[in-house]
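Q: Sharing the record's features from TrEMBL:
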- B:R218, B:D219, B:E220, B:Q227, B:E485, B:G537, B:L538, B:D539, B:R540: ATP binding site (BINDING)
- B:139-558: domain 'Aminoacyl-transfer RNA synthetases class-II family profile' (DOMAIN)
- B:196-199: region 'Aspartate' (REGION)
- B:H30: site 'Important for tRNA non-discrimination' (SITE)
- B:G81: site 'Important for tRNA non-discrimination' (SITE)
Number of protein chains: 2
Amino acid sequence: MRTHYCGKVTAADLDQIVTLNGWVHRRRDHGGVIFIDLRDREGLVQVVCDPDRADMFKIAESVRNEFVLQMSGKVRRRPAGTENANLTSGEIEVLCHDIQILNASVTPPFQLDDDNLSETVRLANRVIDLRRPQMQKNLMLRYKVAMAFRRFLDGAGFIDIETPMLTKSTPEGARDYLVPSRVHPGQFFALPQSPQLFKQLLMVAGFDRYYQITKCFRDEDLRADRQPEFTQVDIETSFLNETEITAIMEDMIRFVFKEALAVELPSPFPRMTYAEAMRRFGSDKPDLRVTLELTEVTDAMQDVAFKVFSGPANSGGRVAAMRVPGGASLSRGEIDEYTKFVGIYGAKGLAYIKVNDVTKVNEEGLQSPIVKNLNETALRTVLERTGAQSGDLIFFGADKAKVVNDAMGALRTKLGHEKGYVTGETWRPLWVVDFPMFEYDEDDKRWTACHHPFTSPKDEHVDLLATDPGACVAKAYDLALNGWEIGGGSVRIHRADVQAKVFEALNIGAEEQQVKFGFLLDALKYGAPPHGGLAFGLDRVVTMMAGAESIRDVIAFPKTQRAQCLLTDAPGEVDEKQLRELHIRLRQKVETQVEVARD
Amino acid sequence: MRTHYCGKVTAADLDQIVTLNGWVHRRRDHGGVIFIDLRDREGLVQVVCDPDRADMFKIAESVRNEFVLQMSGKVRRRPAGTENANLTSGEIEVLCHDIQILNASVTPPFQLDDDNLSETVRLANRVIDLRRPQMQKNLMLRYKVAMAFRRFLDGAGFIDIETPMLTKSTPEGARDYLVPSRVHPGQFFALPQSPQLFKQLLMVAGFDRYYQITKCFRDEDLRADRQPEFTQVDIETSFLNETEITAIMEDMIRFVFKEALAVELPSPFPRMTYAEAMRRFGSDKPDLRVTLELTEVTDAMQDVAFKVFSGPANSGGRVAAMRVPGGASLSRGEIDEYTKFVGIYGAKGLAYIKVNDVTKVNEEGLQSPIVKNLNETALRTVLERTGAQSGDLIFFGADKAKVVNDAMGALRTKLGHEKGYVTGETWRPLWVVDFPMFEYDEDDKRWTACHHPFTSPKDEHVDLLATDPGACVAKAYDLALNGWEIGGGSVRIHRADVQAKVFEALNIGAEEQQVKFGFLLDALKYGAPPHGGLAFGLDRVVTMMAGAESIRDVIAFPKTQRAQCLLTDAPGEVDEKQLRELHIRLRQKVETQVEVARD
């Protein structure tokens with residue numbers, strides 16, 4: 001039915017007869033001639049309908065936006081001065097010989113080139129929304145990216161093995177989506193939060209190199225960049241160590257960026273320990289395009305009169321300074337805005353010093369209400385360590401370490417981008433390594449796994465599992481890109497005795513271990529190879545690559561932040577018969593005794 | 001850590017030092033030397049441990065089956081006469097220099113080469129089961145097949161677009177798996193039975209060519225070749241008709257067989273109408289390797305005295321004959337077995353005639369208790385139409401058409417394979433086309449869709465939708481292979497008015513249409529292109545290609561026929577808190593009032 005995609009007709013096809021299928025993007029009548037911009041997934045082409053072919057012209061007159069047409073005609077050069085450099089087909093037009101209306105369309109709910117649509121309108125009319133050239137491009141890019149991952153992994157000997165969607169609920173981690181079993185009354189499947197345990201079992205089974213691009217599910221309250229179902233590029237390999245695994249993975253990411261965006265990422269990716277990343281950037285996924293850095297001044301603030309600093313400095317908190325070169329020119333209003341911003345992250349204020357004259361270490365040279373409460377030694381330390389110069393501004397964060405890191409880390413990124421403290425580079429990947437094994441949960445008074453409980457400690461830290469969990473460093477690594485975590489993974493525990501020690505550190509008793517993870521512990525006894533892996537968030541990678549605002553713009557049929565599909569109106573009510581077959585009932589339905597008696 | 005996969009070391013590597021990682025498949029001590037068959041996913045290699053390297057030898061003495069080793073050594077030719085032609089590495093062995101035990105193993109629950117394991121034992125110990133070379137091969141083949149599908153589709157301009165897993169329940173079709181919503185009390189998602197409607201929406205959105213290799217879900221009682229979750233190669237395209245779609249699809253299947261099995265399938269695939277397939281083979285997925293055929297004799301039996309034949313012949317049923325060349329030699333016992341067999345399909349008996357002398361059309365030449373109740377005209381018609389010769393046997397089916405087709409179709413396949421009435425070909429693909437649009441449901445007294453309600457009728461049959469639904473033929477096609485349906489699809493309805501007529505024929509009222517399929521009907525109004533597609537059952541295709549007995553042998557972690565995972569013990573019980581968050585409770589839990597009051 002078609003010789004070319006609309007968007008692919010070019011001057012190379014001059015004088016040829018082409019047949020096209022597509023949608024009427026725009027119809028213009030101009031000087032007795034009808035111009036139709038015909039659109040398909042590859043783009044637009046201009047079709048010219050002359051009145052000298054009366055039958056054809058009559059049909060052309062009747063078509064409206066979004067009608068589906070089949071057209072044939074001869075490719076000719078556009079008249080000089082009417083070329084459109086924005087289109088691949090912009091040098092040519094098609095002189096129409098024949099039109100057939102394949103389907104009509106009622107007037108669409110909005111114009112495809114309307115850029116001011118609310119997301120609700122877009123999601124409720126997703127089919128029309130998906131026709132917009134940007135959405136077509138985004139989903140084509142997504143496909144290109146996914147195929148690039150596959151091609152690389154295939155070439156490197158990884159094989160795609162499907163793991164179950166109907167699996168077991170593990171109350172660790174995020175909340176599960178549950179699926180009631182009809183055959184086993186009172187029992188439930190869970191949708192997988194990740195194929196973690198299955199991929200480890202595949203390594204124990206000897207498949208050596210596994211990957212899967214697969215849906216994962218978390219029933220959490222949604223943030224801007226989260227969906228109830230999301231897609232993971234999930235990878236695991238045997239017989240490789242941290243260095244070898246991350247080396248393959250960064251080759252893969254370089255390959256994907258080159259294939260999909262023709263972008264060359266640096267080689268190798270820089271590496272940084274978790275400790276250094278937190279110290280210098282307040283974040284385990286720092287945006288290295290931003291040139292601002294935090295400076296540690298906790299030790300210098302223990303003796304100062306200013307309680308806001310000395311308090312945290314003396315009680316295990318953190319005091320960090322951030323030099324903003326030339327920042328003395330920031331206005332009072334701007335500083336107020338940044339103060340409000342860090343409040344989102346729990347900071348109770350945002351202390352600062354304007355360095356008017358770096359040679360005068362007193363209230364004359366340093367403009368700030370807090371200077372009088374900091375002694376000269378402390379001030380000198382700050383100036384020296386930050387390298388501040390006259391005309392700079394220094395921001396301070398002082399609180400529990402987590403609050404300081406979150407607040408100052410976020411401020412660094414925001415201020416850096418807003419005020420141009422950036423390197424000018426487009427992509428800055430970074431491996432963050434040597435994560436701690438555990439973090440202490442102050443609420444539950446217990447250690448929890450930073451990554452997950454199957455992550456291996458450094459070999460030399462195995463003994464610390466029992467004695468000093470907080471000092472244990474994990475063989476874990478994250479890949480950060482421009483301030484986003486795009487992937488993360490670890491070398492896993494392959495020895496049953498080490499796994500048991502980690503469960504003990506996490507206060508998971510023998511019985512609970514057996515009930516929840518018995519099948520993993522069993523597997524580890526039967527010759528588990530050393531193994532490790534990684535998972536990348538495909539939605540997020542593609543969102544970044546597409547320059548999209550939301551992951552919803554790179555998913556064909558996403559859910560809203562209220563976990564609804566506005567197109568199909570899911571979730572929805574179901575028949576009582578369906579519930580009965582699943583041995584469940586709704587809670588509100590049983591509030592009266594009448595309902596109960598009826599059963 | 002590794003220079004070669006074990007199974008890939010060959011004579012080309014002679015005299016090289018190799019490093020291998022793998023599992024101890026077998027250890028033999030022979031004449032003071034230890035032989036270890038080391039196994040990885042690519043196969044086995046023989047490693048020889050000589051006592052002259054004492055440290056290494058001591059380790060070799062300590063290893064047991066399924067220990068994980070790293071070994072290095074020099075490749076040398078096996079002594080003449082000890083080569084193993086069954087192994088890729090069979091000409092060589094590795095003289096071990098160094099061994100490291102990477103992990104130990106307790107004694108496995110069974111020997112990997114034990115072929116007499118029950119499926120329960122295999123599934124409960126799936127990780128060990130998956131180490132068996134056959135299972136490794138099956139899953140590698142599955143990957144090869146899936147990648148061949150992807151490569152073909154990618155090359156043909158199809159793009160993979162993910163559709164939602166959490167979607168809307170549509171009570172049409174099979175039973176849905178439901179997922180309670182936490183955010184929307186009393187509402188449920190359903191897991192998709194297929195991406196049918198979403199892929200049609202993607203065509204309306206202009207993506208032109210779509211595919212996805214995706215999980216689908218049906219909560220049905222399981223048969224041997226079914227799983228609660230199964231994998232579909234799902235395809236849809238715009239602007240192509242039946243002939244063009246099936247042409248691309250058979251190119252794809254030929255490509256997949258060539259890539260994965262190095263098998264050349266015929267080109268083109270033969271085509272047959274549904275009507276012809278039922279008439280000649282009693283099946284819409286006939287196994288064309290079997291040479292036996294049914295012969296229509298209904299019209300010839302209307303006047304015979306034998307009520308078992310004349311009854312069905314006069315009341316819309318079917319009487320079919322099947323000639324078995326040389327079948328007069330079948331024993332009484334064999335015929336009894338076949339009679340029992342057709343009973344499974346509802347046949348009340350299995351009439352037959354042994355043709356002792358085809359020239360004598362009477363009880364002398366034709367040996368059978370029924371001959372005296374069939375008149376000579378009827379007998380002559382049977383002999384002529386079947387082409388029977390002396391020494392043949394003719395089986396008869398007479399009943400409602402469905403019973404005759406099911407029973408005689410199954411008998412044809414069974415007898416054909418058992419008694420060698422086969423062509424000798426390995427693969428016989430067949431397109432079955434021109435399916436009826438509807439079949440009449442005798443129980444519900446209404447028409448139901450043979451394929452699904454979105455299937456387009458033949459253009460010339462649109463008017464029959466209202467007047468004679470039973471005569472409507474659909475633009476539907478199935479791909480049969482060796483008696484299995486491996487794929488099926490149709491051209492879809494792209495016009496809202498035709499879709500409404502089909503819903504009317506199915507007795508789905510306007511309101512129900514809107515509630516269930518409103519989003520599809522809406523989409524059809526906004527310029528839906530002509531489109532159609534197909535879905536292949538990946539599990540089934542791979543099972544056939546692997547020559548496996550069950551689809552469970554080509555799925556890494558399958559469910560049992562009771563829809564259970566014996567490895568992880570899913571489904572399982574969940575916390576009361578989880579149920580409360582989902583606004584549901586178990587039925588049996590509310591049987592006492594105490595429980596009710598407690599909430």
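In case you wondered, yes, glycine gets a Cβ from its N, Cα and C as well.
A TrEMBL annotation is a machine prediction, not a hand-curated record.
Can you tell me where each of these features sits in this structure?
A: Neighbour count (other Cβ atoms within 10 Å of the Cβ, all protein chains): 25 for B:L538 (ATP binding site). Under the DSSP three-state reduction, B:L538 (ATP binding site) is assigned to helix.
Summarised as a single figure, the pLDDT of the domain 'Aminoacyl-transfer RNA synthetases class-II family profile' (B:139-558) averages 95.
Sequence-distant contacts of the region 'Aspartate' (B:196-199) (same chain, at least 6 residues past either end, Cβ-Cβ under 8 Å): 163-164, 167, 210, 212, 234, 236, 452, 454, 517, 519-520, 533.
According to DSSP, B:H30 (site 'Important for tRNA non-discrimination') is assigned to a strand segment. Its Cβ taken as reference, B:H30 (site 'Important for tRNA non-discrimination') is surrounded by 8 other Cβ atoms within 10 Å in the chains shown.
Contacts of B:G81 (site 'Important for tRNA non-discrimination') defined by a Cβ separation under 8 A and a same-chain sequence distance of 6+ are given as none. In the three-state DSSP assignment, the secondary structure recorded for B:G81 (site 'Important for tRNA non-discrimination') is coil.
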Q: If you run through the region 'Aspartate' (B:196-199) with DSSP, how many residues end up as helix, strand and coil?
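A: Reading the DSSP string over the region 'Aspartate' (B:196-199) gives 4 helix, 0 strand, 0 coil.
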Q: Minimum Cβ neighbour count within 10 Å among the binding-site residues B:E220, B:E485: which residue?
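A: With the binding-site residues B:E220, B:E485, fewest surrounding Cβ atoms within 10 Å: B:E220.
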Q: Would you work out the biggest C-alpha to C-alpha distance among B:R218, B:D219, B:E220, B:Q227, B:E485, B:G537, B:L538, B:D539, B:R540, the residues that bind ATP according to the record, and give it in angstrom as a whole number?
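A: Across B:R218, B:D219, B:E220, B:Q227, B:E485, B:G537, B:L538, B:D539, B:R540, the two farthest Cα atoms sit 20 Å apart.
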Q: In whole Å, how far does the CA atom of B:L538 (ATP binding site) lie from that of B:H30 (site 'Important for tRNA non-discrimination')?
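A: For B:L538 (ATP binding site) versus B:H30 (site 'Important for tRNA non-discrimination'), the Cα atoms are 46 Å apart.
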Q: So how many other Cβ atoms are close to B:R218 (ATP binding site), meaning within 10 Å of its Cβ?
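A: Within a 10 Å radius of the Cβ of B:R218 (ATP binding site) lie 19 other Cβ atoms.
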Q: Have a look at the binding-site residues B:R218, B:E220, B:E485, B:R540 and say which one has the shortest Cα distance to B:H30 (site 'Important for tRNA non-discrimination').
A: B:R540
Q: When you measure from the Cβ of B:R540 (ATP binding site), how many other Cβ atoms are you left with inside 10 Å?
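A: Result for B:R540 (ATP binding site): 20 neighbouring Cβ atoms inside 10 Å.
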